[in-house]
Amino acid sequence: MPDADDGFGELWDAHYDDVLSYAARRVDHETARDVAAETFLIAWRRRNDLPADRPFPWLLNVARNVLANEARGHRRRGLLWGRLRDDRDRHAPVADVATGLVESGRIGAALRRLSARDREALQLVGWEELDPKDAAIVAGCSVKTFSVRLHRARRRLAAVLAELDAEGHRPPITSLQGSRQS
Amino acid sequence: MNEDLQDVRRLLAPANPVPRGTLSGAGRDAIGRAAFTRVTGTDAPATPRRLPSRRAGVRLVTAGGLAVAIAAGLTVAQSLGGADRNGNPRAVLPGLPGSSVANAQVALNHAAGAADHRAVTPPRPTQWIYTELRSASIDAPSRGNVWTPTSPQKTEIDQYWMRADGKRWARFDHGKLVISPTGSGPFPNDYAALTVLPRDPDALLAWARRTQTPGESNSPDAKAWAALTSVLNVGVLPPGLEAATYRAMAKIPGATVDKAAVDDQGRPALAVIESLPGEWSANEILLDPTTYAYRGERLKVVKDHRFRDGAMIKKGTVESLSTLLAAGVVDHPGQRSPKRP
């Protein structure tokens with residue numbers, strides 16, 4: 001991006017897509033755009049304090065807080081919020097904070113049964129492909145704490161998957177992506 | 001540890017809703033470029049200015065303007081007086097209309113009158129507004145795809161602090177108090193941003209109709225209702241704004257009133273219901289039937305509805321609700337204000 005000072009344009013080019021992806025995995029696309037813009041607005045205001053060597057986990061930590069702020073509004077609006085929103089969203093619908101995550105399939109069903117903390121640890125590693133050092137910055141804890149969280153979350157995921165298989169569980173249609181209001 | 005990482009990546013990859021690379025180039029597409037211009041067009045860090053939200057143009061406010069607005073609010077409140085030592089509004093109220101509530105307009109105007117009499121002590125810019133909300137919504141059904149009025153609900157308590165100047169907010173994250181900078185959310189949800197909203201009901205309604213509301217239909221009335229309800233959910237409002245909000249709501253056509261409503265705790269409540277023609281759900285706000293104090297909102301299904309994927313939702317189901325449990329001004333994040341009656 002031209003016209004930016006302090007290397008902010010490079011920061012944008014290097015990380016906007018990934019910050020947007022992080023948000024889009026957790027909320028609908030339009031909200032994700034807002035979350036990405038807010039994250040970079042905060043980064044812009046604090047551009048003198050940015051950790052120059054590894055800004056990405058710092059940006060995701062900011063995005064995580066922005067998302068938490070957004071999520072309050074989403075929760076207020078309940079389950080149908082995501083359905084109604086999906087109905088009008090031209091973009092591919094993605095995971096939604098309001099309904100609990102709505103990714104399809106057995107893994108999605110298992111993730112929904114885990115605690116928010118377990119889900120976060122698994123997703124930062126599994127989706128954002130962060131290593132524990134960076135994931136710890138995003139989650140706001142020590143590397144050691146994160147590693148313990150991840151290890152436990154992985155164990156619990158395995159247990160829930162076994163549980164689901166024993167139940168012969170098939171995720172309800174209503175919680176799948178792409179549900180549409182008639 | 002490394003084994004954990006590989007294993008988790010392999011397991012989660014198929015469920016990744018946005019695989020790596022899906023959004024490549026988004027930072028340079030039209031929306032990305034516009035966002036870049038907005039972000040870098042704001043002031044230097046020393047004198048931050050809010051990001052003008054795509055949704056709420058009213059949020060474009062300079063820091064100096066905020067200070068003036070807050071000071072102006074203070075003057076108004078001082079002349080009204082009547083808050084208790086903690087800055088919480090005293091119980092209402094002289095001249096509360098005791099007459100029956102004939103229709104939604106009358107109910108909302110009574111609520112506005114009651115709000116006019118409620119004293120507000122504006123917070124200082126560095127004070128915090130504590131809000132505690134209980135939200136409940138129907139959960140994904142475990143069996144079948146039918147929701148009924150007795151479907152289990154998932155309840156969550158939200159406790160958060162928003163600094164009065166709107167620049168910081170705080171919450172407990174796994175037991176640890178986390179204070180974060182704010183960006184500019186879809187609605188003005190901090191005291192400073194709310195201060196600049198118009199107190200004239202027509203102007204406030206015009207603002208609410210312009211405000212883009214996530215998930216609402218494109219009907220200006222539905223958008224306006226949602227935006228105005230959002231204002232009420234903030235809990236501590238600048239002088240005159242709560243009354244103006246009710247008066248603006250009274251101007252939205254189609255609202256009805258249910259005098260025999262019951263809230264989620266089984267208490268009698270006055271419900272003002274916004275139901276749009278042809279819609280299968282209706283938005284309700286719940287007021288205390290005696291003091292007209294705002295209690296919360298809910299989305300109720302007013303006729304059976306079948307979704308395109310076959311799922312059914314039955315008439316009478318409360319799809320989601322939110323109850324304002326506490327709201328007040330405190331000096332530090334982490335401090336709680338007393339629960340509402």
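The backbone N, Cα and C atoms fix where each Cβ goes, glycine too.
Automatic prediction, not curation, is the source of TrEMBL annotations.
The domain 'RNA polymerase sigma-70 region 2' annotation in TrEMBL covers A:11-77. The domain 'RNA polymerase sigma factor 70 region 4 type 2' annotation in TrEMBL covers A:106-157.
Across all of the domain 'RNA polymerase sigma-70 region 2' (A:11-77), the predicted model scores a mean pLDDT of 86.
Secondary structure of the domain 'RNA polymerase sigma-70 region 2' (A:11-77) per DSSP, as helix, strand and coil residue counts: 54 helix, 0 strand, 13 coil. Helix, strand and coil counts from DSSP across the domain 'RNA polymerase sigma factor 70 region 4 type 2' (A:106-157) read 42 helix, 0 strand, 10 coil.
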